[in-house]
């Protein structure tokens, strides 16, 4: 009987061992139907090292399918290295989900994913770009897919509306909305019609659109159901709100949707240091030209590497023109030319394209100081001479006599001579003495902008005319008058003879 007792003891011990294993499996499965990819982090719930559960694989409920989202979640964020898998055992379904991490939404959720490109909803139209922002002069392509367009005689019309200060569409339309049985709002220009032979003859086509446009700015390509609107060049004139209307041939406005095209152009930066005369303050002008849209432009000025903080020294103005906007900023130094060395100015321009993107550029230039010339005027017997020493090359004189605002440059002769300073020259101009005026003005012209007017005034009594010369002049004048009277008389006689002969000829024909 000893072997029987031994066998009974072995059976009882095996049942006890098996019960312990089932109890451990149920405890592990109570955490939910997820797969445990790693060791248990709570030490109070971990099995002892000598128990069979120490080498166990993840617990799986074979009677129900585990949530795949939970599997992915636990695999991607393990807290400890994964343990070898164990044999799955049947367990009961948990009554409550784990409280540590909520279950994500199932994969068949219909909410569109948020990404850079729009998804394809089951609506009547889908466009890949509803609000493109393009650089000036670039080419823009918008691809739209029209549902059920191949099942009917499809017709597409595209209208453009401006986005100026007084847009024809107010309030701004919803770019995601699809309209039904809505005709195009008034004030638009037609840029495309897939059936141009059916277009209303009173419709206004946009520039570069319509039959015979050369060169064409708009085109629509691609086989249905996908159409691609191509704008050849984005400018302030071609940007705006585009209304796409489509439907059957007999109902082209069955559906409609909006697309917005916006343009941007960073400014070009130039710096022009002013050439100043001795005794004038240094100046420099920075220009941010032809940018769009009219977003803030900020200038920071530096004079010899020192920032100019005084707002009274900086004058900034913005001007609007057809191609965009231009901002001009001028800084005036507290230093004076001739008293200190020439100044170096640096302009730092920042233009904000939007709340995130901006452009920043720098420009540097050296302001020059020109010596103040000395102007002299000398009267001779028959000529008057005006001289200016050490002026920039290209500077010349303009003469004015009395109150006559017209310069007497036709009678002046100007010559330039070398000066001791490089880039400068001495200018001398001569003018015949006038018999009609006593006041003379010689004015320097050709200086850079910002230089004050430099001129010299002189007086000289007109000399008496030579009697013989005066008689000759009067005789010539009388001869001219006589020739004019004679020519007029000849014309009158010729006209009379012509009229008489014409009258006689008519009388002969009547007889």
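Every residue, even glycine, has its Cβ placed from backbone N, Cα and C.
Note on 109, 362: Swiss-Prot annotates N-linked glycosylation site at 362; no matching annotation appears for the rest, which is not proof of its absence.
When the ranges 17-31, 137-151, 152-166 are checked against Swiss-Prot, the one recorded as region 'Heparin-binding domain' is 137-151. Swiss-Prot lists transmembrane segment at one of the ranges 464-480, 481-497, namely 481-497.
Residue 148 (N-linked glycosylation site) sits 58 Å from residue 347 (disulfide bond), counting Cα to Cα. When pLDDT is averaged over the region 'Heparin-binding domain' (137-151), the result is 87. Using DSSP to sort the residues of the region 'Heparin-binding domain' (137-151) gives these counts of helix, strand and coil: 3 helix, 7 strand, 5 coil.
For the topological domain 'Cytoplasmic' (498-511), same-chain residues at least 6 beyond its ends with a Cβ under 8 Å from one of its own Cβ atoms do not exist. All chains included, 20 other C-beta atoms sit within 10 angstroms of the C-beta of residue 127 (disulfide bond).
With respect to their backbone Cα atoms, residue 386 (disulfide bond) and residue 419 (disulfide bond) stand 16 Å from each other. The Cβ of residue 419 (disulfide bond) has 389, 390, 425, 426 as same-chain neighbours under 8 Å, each 6 or more residues away in sequence.
Considering other CB atoms within 10 Å as the measure, the emptiest surroundings among the glycosylation sites 148, 181, 197, 362 are those of 197.
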